[in-house]
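Everything below concerns the one structure shown next.
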Amino acid sequence: MATAFWLLLFLLGSLHVLTAAQNSSQSEWPIHDNGLSKVVQWDHYSFYINGQRIFLFSGEFHYWRIPVPALWRDILEKIKAIGFTGFAFYSSWAYHAPNNQTVDFSTGARDITPIYDLAKELGMYIIVRPGPYVNAEASAGGFPLWLTTGAYGSTRNDDPRYTAAWEPYFAEVSEITSKYQVTDGHYTLCYQIENEYGQQWIGDPRDRNPNQTAIAYMELLQASARENGITVPLTGNDPNMNTKSWGSDWSDAGGNLDTVGLDSYPSCWSCDVSVCTGTNGEYVPYKVLDYYDYFQEVQPTMPFFMPEFQGGSYNPWDGPEGGCTEDTGADFANLFYRWNIGQRVSAMSLYMMFGGTNWGGIAAPVTASSYDYSAPISEDRSIGSKYYETKLLALFTRCAKDLTMTDRLGNGTQYTDNEAVIASELRNPDTNAAFYVTTHLDTTVGTDESFKLHVNTSKGALTIPRHGGTIRLNGHHSKIIVTDFNFGSETLLYSTAEVLTYAVFDRKPTLVLWVPTGESGEFAIKGAKSGSVAKCSGCSNIKFHRDSGSLTVAFTQGEGISVLQLDNGVRVVLLDRQKAYTFWAPALTDNPLVPEGESVLVSGPYLVRTARLARSTLTLRGDSKGETLEIFAPRKIKKVTWNGKAVEATRTSYGSLKAILAKPPSVELPTLNGWKYSDSLPERFPTYDDSGAAWVEIDANHMTTPNPNKPATLPVLYADEYGFHNGVRLWRGYFNSSASGVYLNIQGGAAFGWSAWLNGHFLGSHLGSASIQQANGTLDFPANTLNTEGTPNVLLVVHDDTGHDQTTGVLNPRGILEARLLSEASDNNDDDSPGFTHWRVAGTAGGESDLDPVRGVYNEDGLYAERVGWHLPGFDDSKWATVNGTSLSFTGATVRFFRTVIPPLSIPENTDVSISFVFSTPNVNNTSAGNTSAFRAQLFVNGYQYGRYNPYVGNQVVYPVPPGILDYNGENTIGVAVWAQTEAGARLNLDWRVNYVLGSSLDAGRLDLSFVAIAYVYIFECLQL
């Protein structure tokens, strides 16, 4: 009676829902193109490529955050292996334009053509996002820092000065991309103009009052893209649901793009969730947002497209070591990505898929060195539960062709017999295949709920499961229940177990289903009459029920893999979650959509990167820890190779091939010892000669600035106006008077710091705070620190910056806003109060001239050690003092540079080895009088600055450094610059560790590192004092 009652209730509710859906939909949605080609088209449902609908599942990576081109293959193969059909990347204007006369897309890791070539080889569509502004938690949002002086206007508008600045870069990246478009047989799918530029309207977008300046800017960008060969759709991304910009469905105002999408970070883009309340409201873990109504209102004739959906969160300076992985982990991936499918999203790109590292000075002040982003692929390139959980959905969306065209017929609790569980019904109007996306009614609770689901099928209305048991949602999870799911020539009438994937071998399909470990499932396959258990590993309670025209199978699956064989030739593989995590479907083709007969199924390894089939030989590449390999593939296969070596494979009774992979060897790292050191702050002494090429004279002629943020005192002491744009800068101010002190107000961004010395005597510091961007202080001049009359006094101010601000803050200056000598006259506002006679400033050696084009101008800053090349391989430190022991410690407020050279590492062949450096502060004295953690350290590895360690301000202690920066076959030069901000000095240790060792086709010890050859050359002749 209960079942009949619920079924009747469901049928009555469905009648209303279906009628409402039909009344609000169109029988024919327009198919759009951009008028240049019909290769890429789109409509209300999805994108088309060459007439075939696609579900675009993509993930973002930034090549400039992993400046080792040989490792781009590693990241992109992992993105492909997860089941994605595409990837996205920002191009960084800053990375390619060290000055306003240079656009470099050819040197080292600045050559982006390997990315396009890899996309073609691996079979993935690309969303190219060239800016000019990209945000990305990059310094100045990816703008080159020479743009931040104010001389180019306020930016992101149609100011001719700004236009002249971006046009050479934008033309170059467009021209390069134009050779790799899907319209010409390559895989660039679309080209995003600007980023999160929701400025089309003045005021409320519903008033549709056009912002003509923003419209003119967008039209200039579009014209440039087209003039330089871009023929694929031009796209945009709204930053949130409030801006409603650039879509022709919303308005026919100027500047509209071909297609637009919506960015969303429902759990906050930062580990500091307070920064998101203005967009998302109060943070509640696992609270989902409604997108369906937004898309229906704003872009009903376009695909529901999310160019950025939350793949993790960046970690601010005061965030936890390792980031906030628990906030956006495997459960987040399970729930939120399925929720989006229930919202009818058919194109989604995760930001980030791989974050990488903010090496050098590329970060904005909001984050430290790590850009791990809690992404599915970690900063150290490892994969874990979040990656595997995402794969469970991605492989499904790749094989579920009917998901590319669905109407949402309803959503609510009427679909279930448990009022705590809701479902959204998506149905393909052409095939009648349906997808029921089930979640908790309140997604924030995560309770253990069991339920039955009311569905409509080609066999009529059913309540499933039909033969006992229930469907279960245990925790912050979602399940997609399919009906009339087509696989090969067969039809899955329904399944309460989720579909992972399927493949067709020898004209017979193999269907792969999974459930959480220990849960039950039930599925029905049309046309089958009987079945048998070919393998039972963890299975129980398997029962076959013959129904009218179909066979229903009920089962429970514990940890393991079970295989069923049906009489119609269908093979069904049953997996629990853990086995599903390491079950792969590598493509045999470079077609991103992977036709059903163009893949094999592989179980066991940590990662399966690629598969190729030639005659009777199956060639697999991947990473392993010594697992058992099981392959479901065509019967013609007689030989299997793994990473180029034949493996002894035996055939099972149910048709698979099994082999045991070798365990990788262990790797031990040598001790980091043999340290030497030298003082790196000679500039604090009045006898230092600052007349060299490294120093720029600042005199009374520099009394104005184009920056709208004016200084309080003159001359202008904004570092960017003198060509020094990142990291540490040194200012030497000269005066002749008998001042009693100095007032300084300095701006360097969140977490920055400064210190000051008078004639070699330490005066004081701003130690820094994650929340303070600008800091002032009054410093008294102690007795006997001033020189006698006739000898000038020298005030040295050392400050760093943590990057330039983003969005509207890109013009916020970096440098000294106010420098005022104090005396009795100044206290009385006397015109004869003392002043500085002149200043000199030093920063990155060569300024904008890019002396080291491989590492680039963002790698070094202005410390003496960097200006003269102590951090580079090849420097002769034989006359330096030797550190006793392994602690890099000293007393006194100064900068000391430590350096050691480590003999070649013993990295075995055919492995991938990941290594991190780990800082610690032993026996730290945190009293105000003797704080030995009040220092700022920079880690250099073979000349690359690969970590900023500020223990007084931030919490990051682990710094992954990839192969290619670390030389796995030669010596490694390790340097640490330590700036002690108190007289107590600094105490720190540096160690390193192996994150993992895998048997791997990557062969990390033998990468092609030809791109770094110039970077390892000793370049003293270019460096400056």
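The backbone N, Cα and C atoms fix where each Cβ goes, and this holds for glycine too.
Note that this is a predicted model, so its numbers are computed, not measured.
These features come from Swiss-Prot:
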type	residues	note
ACT_SITE	E196	active site, proton donor
BINDING	Y90, N135, A136, E137, N195, Y265, Y373	substrate binding site
DISULFID	C271-C324	disulfide bond
CARBOHYD	N23	N-linked glycosylation site
CARBOHYD	N100	N-linked glycosylation site
CARBOHYD	N211	N-linked glycosylation site
CARBOHYD	N411	N-linked glycosylation site
CARBOHYD	N456	N-linked glycosylation site
CARBOHYD	N736	N-linked glycosylation site
CARBOHYD	N776	N-linked glycosylation site
CARBOHYD	N884	N-linked glycosylation site
CARBOHYD	N925	N-linked glycosylation site
CARBOHYD	N926	N-linked glycosylation site
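Structure with Swiss-Prot features highlighted.
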residue: Y90; record: substrate binding site; DSSP class: strand
residue: N135; record: substrate binding site; DSSP class: coil
residue: E196; record: active site, proton donor; DSSP class: coil
residue: N211; record: N-linked glycosylation site; DSSP class: coil
residue: Y265; record: substrate binding site; DSSP class: coil
residue: C271; record: disulfide bond; DSSP class: coil
residue: Y373; record: substrate binding site; DSSP class: coil
residue: N411; record: N-linked glycosylation site; DSSP class: strand
residue: N884; record: N-linked glycosylation site; DSSP class: coil
Checklist entry - Of A136, C324, the recorded positions given in the record, which has the fewest other CB atoms within 10 A of its CB? => result C324
Next on the checklist: I'd like to confirm something. Which of the recorded positions, N100, C324, N411, N884, has a Cα closest to the Cα of Y90 (substrate binding site)?
Outcome noted: N100
Checklist entry - So which recorded positions are near N135 (substrate binding site), with CA atoms within 10 Å, out of E196, N411, N456? => result E196
Checklist entry - Which chain-mates of C271 (disulfide bond) that are at least 6 residues away have a CB under 8 A from its CB, listed by sequence? => result S313, Y314, N315, P316, G319, P320, G323, C324, D327
Next on the checklist: I need the most crowded of these recorded positions: N135, N195, N411, N456. Count other C-beta atoms within 10 angstroms of each C-beta and give me the top one.
Outcome noted: N195
Checklist entry - Rounded to a whole angstrom, what is the largest C-alpha distance between any two of the residues Y90, N135, A136, E137, N195, Y265, Y373 that the record assigns to substrate? => result 19
Item to check | Integer Cα-Cα distance in angstrom, N411 (N-linked glycosylation site) to Y265 (substrate binding site) | outcome: 23
Next on the checklist: Using CB atoms and a 10 A radius, I'd like the single residue among the glycosylation sites N211, N884 with the highest neighbour count.
Outcome noted: N211
Item to check | DSSP three-state assignment (helix, strand or coil) for N776 (N-linked glycosylation site) | outcome: strand
Checklist outcome for this item: Least Cβ-packed of the binding-site residues Y90, Y265, Y373 (other Cβ atoms within 10 Å) is Y265
Checklist entry - From the Cα of E137 (substrate binding site) across to the Cα of N736 (N-linked glycosylation site), what is the distance in angstrom? => result 43
Checklist outcome for this item: Filtered by Cβ under 8 Å and at least 6 apart in sequence, the residues in the chain of N100 (N-linked glycosylation site) near it are P144, W146, A165
Next on the checklist: For each of E137, E196, count the other CB atoms within 10 A of its CB; which of these recorded positions has the top count?
Outcome noted: E137
Checklist outcome for this item: For N456 (N-linked glycosylation site), the closest of the recorded positions by C-alpha position, picking from A136, E196, Y265, Y373, is Y265
Checklist outcome for this item: As a whole number of Å, the Cα atom of E137 (substrate binding site) is distant from the Cα atom of N884 (N-linked glycosylation site) by 40
